[in-house]
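*Asks:* Just passing along the structure, written as structure tokens.
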Amino acid sequence: MVYESGNKPGPENPTFSSDLSLSDSLVKLKKKPCEVCGSDANELLMMTCFMCRDTREHTYCARVMFQRVPRLWICEECRDFSSVANKTANAQSSRTIQVEQVVVKQVRIDQTVPSPRTNQVVDNHQDPPIDQTDPSSTTIQVVDNENLIEAAPSSRSNQVVDNKDWIEAAPSLRSNQVVPVAPRIHEFTTDESSSPVSPCSLDDETNLFHFKYPSLSLPPLMKN
């Protein structure tokens, strides 16, 4: 057999050596044992991790048993790492969503609550307040007060008139209750004389009772 280059493939040829090293690396990669059982047998049932390309397991040695080698298989270490990364990403996304919701609420509040400056501008369109120091406004106020005083009668005077009418119309209750009482004179007899003696008499001018006793006789209550 004649070669065009004129050199036979051998250890001295660099092309041959590179091809040999590549084939050796492929053999070593294929010969890596199973991570579970440690055997490199049954190469057709050996699964290689799609992410790390380092972990190898048999279909019957994996935690979940497979009937055949799947197209994409991920080892447990890569799966745990991806789950942690997903949790971190989900937490960050949820936090971002919460911050966005807070910002949206603040924007809505700012839009719904009117500005006090705006209210002040709207209120300025109303009639200006009356200046108390202005003489024209003071004169108008005095005239209005006088008109009110002249137009409206005094409620106090009306009340006095009503009270007088009531006093004249209604008789006095105290005068109706006074009943004339006739004075009574009690007569007492003494041992000295059998004639009746009036020890007390009613004075018409002062309406007081005066007790009158004989000079030698004692009052009835003080006799022994």
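Every residue, even glycine, has its Cβ placed from backbone N, Cα and C.
Annotated zinc finger per Swiss-Prot: 31-81, in sequence order, evidence recorded as sequence analysis. Here Swiss-Prot flags Cys34, Cys37, His58, Cys61 as Zn(2+) 1 binding site. The Zn(2+) 2 binding site annotation in Swiss-Prot covers Cys49, Cys52, Cys75, Cys78. Per Swiss-Prot, region 'Disordered' is recorded for 116-137.
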*Asks:* C-alpha of Cys34 (Zn(2+) 1 binding site) to C-alpha of Cys49 (Zn(2+) 2 binding site): distance in Å?
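*Replies:* Distance (Cα to Cα, whole Å): 12 Å.
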*Asks:* Using DSSP reduced to three states, classify Cys49 (Zn(2+) 2 binding site) as helix, strand or coil.
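*Replies:* The residue in question, Cys49 (Zn(2+) 2 binding site), is coil (DSSP, three-state).
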*Asks:* I want to check the contact list for Cys75 (Zn(2+) 2 binding site): same chain, sequence separation of six or more, C-beta distance under 8 angstroms. What comes out?
*Replies:* Glu35, Cys49, Met51, Cys52, Thr55, Glu57
*Asks:* Looking only at the zinc finger (31-81), what are its DSSP counts of helix, strand and coil residues?
*Replies:* 9 helix, 6 strand, 36 coil
*Asks:* If you draw a 10 Å sphere around the Cβ of Cys49 (Zn(2+) 2 binding site), how many other Cβ atoms fall inside it, taking every protein chain shown into account?
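*Replies:* I count 19 other Cβ atoms within 10 Å of it.
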*Asks:* So of Cys34, Cys37, Cys61, Cys78, which of the binding-site residues has the fewest other Cβ atoms within 10 Å around its own Cβ?
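*Replies:* With the binding-site residues Cys34, Cys37, Cys61, Cys78, fewest surrounding Cβ atoms within 10 Å: Cys37.
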*Asks:* For the zinc finger (31-81), what's the mean pLDDT in this predicted model?
*Replies:* 88
*Asks:* Of Cys52, His58, which of the binding-site residues has the most Cβ neighbours inside 10 Å?
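*Replies:* When each Cβ's neighbours within 10 Å are tallied, His58 leads.
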*Asks:* How many whole Å apart are the CA atoms of Cys78 (Zn(2+) 2 binding site) and Cys61 (Zn(2+) 1 binding site)?
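*Replies:* Taking the Cα atoms only, Cys78 (Zn(2+) 2 binding site) lies 17 Å from Cys61 (Zn(2+) 1 binding site).
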*Asks:* Taking 8 Å from the centroid of the Cβ atoms of Cys49, Cys52, Cys75, Cys78 as the cut-off, which other residues in that chain fall inside it around the Zn(2+) 2 site?
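*Replies:* Everything else in range on the chain: Phe50, Met51, Arg53, Asp54, Thr55, Ile74, Glu76, Glu77, Arg79.
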*Asks:* Excluding Cys34, Cys37, His58, Cys61, which residues of the same chain place their Cβ within 8 Å of the centroid of the Cβ atoms of the recorded Zn(2+) 1 site?
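*Replies:* What remains near the Cβ centre is Pro33, Glu35, Val36, Gly38, Ser39, Met46, Glu57, Tyr60, Ala62.
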